[in-house]
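K.L.:
Next up is a structure, given as structure tokens.
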Amino acid sequence: MPSSVTKHTIPPFYACYFLRSLSTPGTTYIGSTPAPPRRKRQHNGHLTQGAYKTSRARPWEMECIVYGFSSKIAALQFEWAWAKPHLSRHLKFLTTEHSVDGTPKNTSDWAGMSLFPSTSLTPGQTRWGRPKKRMARPPSSPNARLLAMRALLRSEPFCGWGLKLAFFTEWSWLAYQRLDACDPGLVAKSALSTLQNRYSRSGKPLHALYPVAVCDFSGVDGKREPLVHVSEPYRLDAGVAEHPVKKRQTSSRQKPHTEETSAWPETLPRSANLKGLDACMQDFATFPIPQPAAPNTDLTKKSKRAKKLSDKARPSALEDHDAENGVDDDDTEVEVVATDAANGSDLALSRPLYRMRFDDLNMEESEWKRFAESIAANVGASRSTTQAMSEFLHTCVQRHIAAQDARTANTALPAPTSLCSLCSIPIDLSQQLDFVLCPNPHASTLPLISSSSTASHETISECRETGCDSIFHLSCLARSFLEQQLGDQKATASSASTVLPTHGTCPCHRGEHKEPTMWADVVRAMYRRHERFERLIQFLIRSGRSLEQHLHPPLEVEMTVKGSKIKERVKASVKATEDAQVDIGDQRQVISGTTSRTKAALTRKRRQPTTSSVNAIQVDPLARNGSKIDGDGAGKDTKKNTTQKAKSNETSEVIDLT
């Protein structure tokens, strides 16, 4: 049986989600799915195949998700550890625990103990005379779920997967921000150059922005009203004040109103709501939002027509889509809610909030554009980007066709190659999984900072699409990233034995825009480029034309295509007209047939006496031939026979009675 490793690919989107019941806010649920909007509808009973455990506490709201997994198996591992933190081996005390800023702490006395021990047991009820087995239950409060998520993101191996966060409610985002503010050593995420590396629990250096988080307060399905777009009375009912509330100083003897959640150092207020966090509108002055969708330039996928929103439909919550996930309305992505002018608050201004997209379209488009520029620089420096890319793909198409036949496999064109920027060994550019491009971060994948004071958005870092034209072997770039991590002064022995890196910078990139990137994003971009390359090769083989002819078709071809489309439309209209005429003709025939039958019936009624007299005259010859006439039935038969015989007689045979 062939190995599945050769056909492995990273899914465009797969996430673990955190559900919270609206009817009983203390009830939570953890799951995983490639389509969060559809999964929420299943849990709420709008679609079939929802979880049995969520059928009672409906309706449910999705608080946040953790996405960016490399496979379904990886997502299931994270889901199990998140749902059962008291049993997970990843959430146990290490011999030495490191804080976020890398400060070590000796915890050898608690080594092997759970960070989130069970605080309750199942009730010991009896069933059919037998005692029910008491089992430890995991801490399942909303605060415990959020704290367990933060602990997992800093634990190995999950800390090296480049996972990302998306928050769909104000409470989950604000609670996460309050926990970050309590961590010593963390600085504001305003400029990437001033950030310091974060560290895992075992002391491994992480990316300064890890984990990257975005907010979509319109909900995972777009049916939720963000608090920044509602009036002041609604915000007060939700527990959000207009200005910060001064806390009363409590005595030292009084215990703080926080939930005791195991030995994990972070804590949250016991009441898991915005009022318990003392939320105010200043807390939501700025928050990260997703990037708008990039224009789709893939020739193998048909672009959908954009629908213009009317003024009445614009304030409403916009539906999100997922082509494979069965969600509707992908054409609209920006939610602009016009707030009431009588609010008088600067935070009540209209703020465009981009919807969360559950795909890798932005990364794919940015990576393909960088690939085209690298091909033009390394393979066809004297030609334009389109011409160089067209010739490169034409060579790959010819090689693919020649490889299908054993007789022409050896006579195929040579593969386009380029030297590795680190080892100077030629790289076969037709094998997309053998090399990577410049690992500088794609600006289209970084979050935007939504601010209430400015109408424009700024990225979470100031880097732009400034990737260089370097090409590396995958193994060469991995070694370069590992060397950069080992050069860190705070790197521990556990990070020295790491096989794969977590982040790094381009070794050949020069200039001010040299930014670190996550290794998971480098591998994900490589798979997105590989999948698009394979689709495009098959598309060009079927069409029989080059890439340049598809992008810039000749005038004759364009007129032919337009003419064929016009002919198809004319044929369709003519066919529709003919069908309509046939329907009208059928209706007329039905009406005329009904009218003729009615007239015939009336005519038969008027001519009935004449017919009876003729029949009476024709009876005698039949009687002479020996036919018996018995009763009414015999008379009817004679009437029929005489009528048919009278119709069949010619004019010469009719007896003139005059």
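Yeah, the Cβs are placed from backbone N, Cα and C, and that goes for glycine too.
Dumping what Swiss-Prot says about this protein:
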DOMAIN    12-92  domain 'GIY-YIG'
REGION    29-52  region 'Disordered'
REGION    239-269  region 'Disordered'
REGION    288-328  region 'Disordered'
COMPBIAS  308-324  compositional bias 'Basic and acidic residues'
REGION    594-658  region 'Disordered'
COMPBIAS  627-640  compositional bias 'Basic and acidic residues'
COMPBIAS  641-652  compositional bias 'Polar residues'
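Thinking about packing and proximity, how do these listed features fit into the structure?
P.N.:
Beyond its flanks by at least six residues, the region 'Disordered' (29-52) meets 11, 13-21, 58-60, 62, 65, 72, 75-76, 78-79, 82-83, 145, 220-222, 320, 322, 324-327, 358 of its own chain at Cβ-Cβ distances under 8 Å.
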K.L.:
For the domain 'GIY-YIG' (12-92), would you mind checking the mean pLDDT of the predicted model?
P.N.:
95
K.L.:
When the domain 'GIY-YIG' (12-92) is classified with DSSP, how many of its residues are helical, how many are strand and how many are coil?
P.N.:
23 helix, 22 strand, 36 coil
